[in-house]
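For reference, TrEMBL has these:
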- 50: active site, proton donor (ACT_SITE)
- 112: substrate binding site (BINDING)
- 18-301: domain 'NADP-dependent oxidoreductase' (DOMAIN)
- 79: site 'Lowers pKa of active site Tyr' (SITE)
Ligand SMILES: NC(=O)c1ccc[n+]([C@@H]2O[C@H](COP(=O)([O-])OP(=O)(O)OC[C@H]3O[C@@H](n4cnc5c(N)ncnc54)[C@H](OP(=O)(O)O)[C@@H]3O)[C@@H](O)[C@H]2O)c1
């Protein structure tokens, strides 16, 4: 395997470098996954909300059929969307997502966001998105404890090997740890030099929860939404400090950004549809940054978050990271 692995608290090995599937168009998703497997990726980070699980599953099936990889060598991650948090909704939707992928089990299944929204029947709209109808965001009363208890039964039923959380902050993790019979194996969070969240990382380290960084390139992923605070920033890959560190090691700025995360023990899941960039992203662990260079990148921290609902639609509807 090209990527190093991290031993999860569930006992399973997880590739430290995986492949992100958000915004991979349906038209190309099957080929992108197939090509990424050929390049050497073994972890794929999917979700109901990405709307491309059927196509991603086809890429996996093709690679398995051609003998490039075996199912047990892959590490497939998916996520529960907010509209399926009620305990009795969890298992049916996991089974639908597994059928979409053409798989019998996930390696890791995450609560995508710590917010429960009113149930939407998949026959009516799938993926359901944030809005119930029109611009209405309607919450449901499901607690995280109810959802997590249902997650624990997914492990018992062998529908997923490990379970985890995403977009949680410390207070809610402390609460979850009080009642969890199975602790979360991973926490997936937005993490890049503009958003370090060191105390959250400290908590996860102390509790044995592996952290996966998403949107490692910071604003790069959010320019297409025309987010003004993303557009106004100097792109991290064009920043003079990042570029000069990259030049020193004869690496790409993108590899420096990923190495800053993996050298500090995090997993990463960069996304690209360009085959020529897949290898560089995957192989970025083949060098080490000095402690001074790591500190210089950490010093970029400004607490700037891009991936929050209030950046996508009017703020009077939902504030998850308040
Ligand atoms: N849990 C959550 O709520 C959550 C939220 C966001 C993301 N995620 C997960 O994390 C994954 C990664 O995050 P992300 O997709 O937001 O962003 P990302 O991986 O940080 O950045 C993707 C952007 O960077 C470009 N890019 C990738 N590699 C590059 C390279 N070597 N050089 C130059 N440009 C490069 C891509 O362009 P091209 O595609 O055009 O190459 C794309 O525009 C997602 O795909 C998803 O699986 C999870």
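The backbone N, Cα and C atoms fix where each Cβ goes, and this holds for glycine too.
All features noted in TrEMBL, drawn onto the structure.
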{"residue": "50", "record": "active site, proton donor", "DSSP class": "helix"}
{"residue": "79", "record": "site 'Lowers pKa of active site Tyr'", "DSSP class": "strand"}
{"residue": "112", "record": "substrate binding site", "DSSP class": "coil"}
Should one count Cβ atoms within 10 Å of each candidate's Cβ, the recorded positions 79, 112 would be headed by 79
Sequence-ordered list of residues in the chain of residue 50 (active site, proton donor) that lie 6 or more positions away and have a Cβ within less than 8 Å of its Cβ, or none, is 21, 22, 23, 24, 127
Rounded to a whole number of Å, the separation of the Cα atoms of residue 79 (site 'Lowers pKa of active site Tyr') and residue 112 (substrate binding site) comes to 5
Over the domain 'NADP-dependent oxidoreductase' (18-301) the mean pLDDT stands at 97
